[in-house]
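Features as listed in Swiss-Prot:
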- 113: active site (ACT_SITE)
- 38-202: domain 'TIR' (DOMAIN)
- 217-478: domain 'NB-ARC' (DOMAIN)
- 498-522: repeat 'LRR 1' (REPEAT)
- 611-633: repeat 'LRR 2' (REPEAT)
- 635-658: repeat 'LRR 3' (REPEAT)
- 660-679: repeat 'LRR 4' (REPEAT)
- 680-703: repeat 'LRR 5' (REPEAT)
- 728-750: repeat 'LRR 7' (REPEAT)
- 799-823: repeat 'LRR 9' (REPEAT)
- 824-849: repeat 'LRR 10' (REPEAT)
- 870-894: repeat 'LRR 11' (REPEAT)
- 895-918: repeat 'LRR 12' (REPEAT)
- 920-942: repeat 'LRR 13' (REPEAT)
- 953-974: repeat 'LRR 14' (REPEAT)
């Protein structure tokens, strides 16, 4: 729904006012697994006869390899019910893993375990994981199939209450997304994945991990009080303090303790380092920040964020916990948390920074300052790292205090010094004291450098490489770049980690900002006044000086220039700038996060030389057409020259045997690629948007270790060489929008490791070679927009591992081969926009198909009767199939079908009967089915139906509601603009969330209109009308209405039903209102109402808008004003309206209407003089409504 809402009511209070309204809302927090003291890491629930000798033993072995000891009830004597020892084991396990196998339901013991596990999940926050072993999750969920047969036998003779508990537990367990063994080619890989998931959960536990953080509990307690988690408002707080004080640690501990109480959560760390400022394109920077936020928050890697409103759209109704760590600019906050309105009720945003002014500038009122620890706490912190306990070992008491004093109170310095002295003798400590005294001078940099000085030369060199060039790389990447160094990479990294100079996390190298600064300062001091004599250059001014004045030397091995740091002017690089840098190995001129700013680096006289020892060449927007003539790429590991003026890389056939990664994307003038004869180690080749590239060299076939080839938008590429068939290790091939590509070579079928093929937008492609059937590992094929493609090869049926096949807008495709019925693993088939497609083949064997898209297949006249065999199909799109005459009656036999879209099927006259067989159908859309006359009466028997859209069905006469006294719960019925609809409604709406839209249905009879208005459960509706019905107690003409109530109802929660008639308005806005709760007048407050999105649309005259809202009465007389807004701009005026009161009171949650309930469960809507009236309500005794 749009970020706006429907109406704003302004309420002015007169006369009576309660002046003693002040309190605070409190509620019990949901259970969190983080608050438990777990006895076991993992509890395994399983049916022994199915898994003990196979799956279970392999899981145990993998767990043992990873140091995980699960609780398994092998040794327990089993009786009629699970005993106290097993109950204790279940309740005392942090994670429960349920191995659901075919005979799991045959054991009462297993079923009782399952009930207890699901109870612990609900009450204790226990993490529950599921593994479906040779069993369909749907069979478990619905107790059907072989699983259901076994389960039913177990239920025979059991009490009904027990059976219902078992069923509920099985359904709940099956709804947990778990591993399905049938989806894994290799069971061992599945078990490794399970073990990793368990390890991740166990490693994300603060119960023991944070014991060494002295004073952490005091910090988190203070911050939790600022967060006020019991309030439903959205709140931002700041954590402020100097670098190295422990802000990041505190925020992580806090996040770990609280994240289970929120729907979504994320920690965005190192923001200052990863997204530095300033930059030339601030908007692109904001988009990238927001993409990072959403990718982590909703766990979707390839998020598309086209504008800065996406975060609000995706998160406005989600309760989130967000930690933004190391923020140093308002731009960063504007991109990720500009306003509390971006997030759903109850959300908490924690901003961690060193800049107090930044917090205040962003309007953050609640700020926690992290102070230095006391002397005793500092000693404890030091001892935790030096001795592994909070006090000194015997005999080390005095010397430990001395070192603590010298190291200062900064936690980072205490950690580094403690790690350095760990396991040293007292004599070694004593020898270190004099050096420490002379080098520290109360400066944390000296403390850190003291630890650095203790390293061997090789480890020092590795430390400087990382701080200056590789601090955000993965370990294996660093190993490749430094392969020629004599140091043992893994051993060196471990030494640095042991001394707390870096950390190794899931294969990534992480380093504290102060340690990075230490390394940069060490390098800077190698030659303060002559930067060309240093090992590394990272400072913009220093680099400019060296490149323009030819002052580089053989000492220099790395240059890293972030071009966004060049704020003014350009850099004119001398022709001989690199001539003296004969040992240069790493050269990086780059723009941050794709910021394609103006040209900054120029070579007016060209370039005569680049070091032959280069291992990394990363030069974006390189201004010349070729690299220097004498350039030798023999040692190159990675070359990235995106967005450059290159026409070719170099002359001749140079050896590139060490090359692993090549990226020449957006080199629009590139006509020639280098010879790949020696590129046997090349793994990735990216050539995106190389518009002048006509062909690939035949030598590409020698790159036999190539894993990914990306040729997106190479619009001049006519063909691929036949040698492409030699790339037997290729896994991904992207040819998107290669609009000149006519065909693929017949040798293409030899690329047998290929898993993903993207041909989308290859508008000239005439055919796909039949040899594609040989690629047995192929899982995804995308050929959207291949408008010249007439048919698919019949061999496509041999790709039995195919899961996704997209042929969207293949307008010439007339039919699909019958062999497609062999694609038994196919899950997603998209044929939308295939205008020439007349019919589908039998898809009876495609039993795993979940989504079928056939929208705008305007020539399609029928569906195959065998569609009923696609038993897992849950979504079917047939929108715009204007020639579709009928649906096969078998369609309702697809019991898993949840969504069916038939919008614009203008030839469809009726739906098949027996629609009630589609028991899981939730959404049925028939909008603009102009030939449809009536709905089958049995449609109202589908209890799960939640959305039915028959709007603009101009011929629809009857909904067949009369014979069905109860419609499905929570139904949204949209019958707007059904101009022929003549409907009697003789039914009862049970659920208060029902939404009805009969806008412009002017033939709707008066009985039906009265029933909709007067049914207490129907809270949201639009229906035709010219006056406000007499049902509404308070009615008025004008722009306001005064409500008078007896004083005894003060501080009661009242539900109001309103009816509004629009006298004028703008109808161009599809969504309108204002998503804001804000104080207006000193004496008044605003109440916000958000209706269903299905009632939003153009503002309509001659129609009545009815809805309900709730508020707390604080005065015996008040005025209501109604208006329609969009982003604070008035769009319409309501001239006639009425209000009817439904009584409620808060003390016992009772009412005269069964639909009425305490208002805060629906809306946080009451604000008065800056105070939340609800606070007072909860602590003020309520008079009974009947007094």
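Yeah, the Cβs are placed from backbone N, Cα and C, and that goes for glycine too.
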Secondary structure composition of the repeat 'LRR 10' (824-849) [DSSP: H/G/I, E/B, coil]: 0 helix, 3 strand, 23 coil
Long-range Cβ neighbours of the repeat 'LRR 12' (895-918) (under 8 Å; 6 or more residues past either end): 138, 855, 871-889, 924-936, 938-939, 941-942, 949
Tertiary contacts of the repeat 'LRR 9' (799-823) (same chain, 6+ residues out, Cβ under 8 Å): 185, 760, 772-773, 775-793, 829-846, 853
Non-local residues, at least 6 beyond the ends, that sit with Cβ under 8 Å of the repeat 'LRR 7' (728-750): 704-722, 756-775, 782
Beyond the flanks of the repeat 'LRR 13' (920-942) by 6 or more, those residues with Cβ under 8 Å of it: 874, 879, 895-914, 948-961, 963-964, 967-968, 974, 987
Helix-strand-coil residue split for the repeat 'LRR 13' (920-942), DSSP-based: 5 helix, 4 strand, 14 coil
Tally of DSSP helical, extended and coil residues in the repeat 'LRR 9' (799-823): 5 helix, 3 strand, 17 coil
Composition by DSSP (helix, strand, coil) of residues within the repeat 'LRR 3' (635-658): 0 helix, 3 strand, 21 coil
Averaged pLDDT, computed only over the residues in the repeat 'LRR 12' (895-918): 92
Touch test for the repeat 'LRR 10' (824-849) and the repeat 'LRR 11' (870-894), at least 3 Cβ pairs under 8 Å: yes
Number of Cβ atoms other than its own within 10 Å, given for residue 113 (active site): 25
Helix, strand and coil totals (DSSP H, G, I; E, B; other) for the repeat 'LRR 7' (728-750): 5 helix, 3 strand, 15 coil
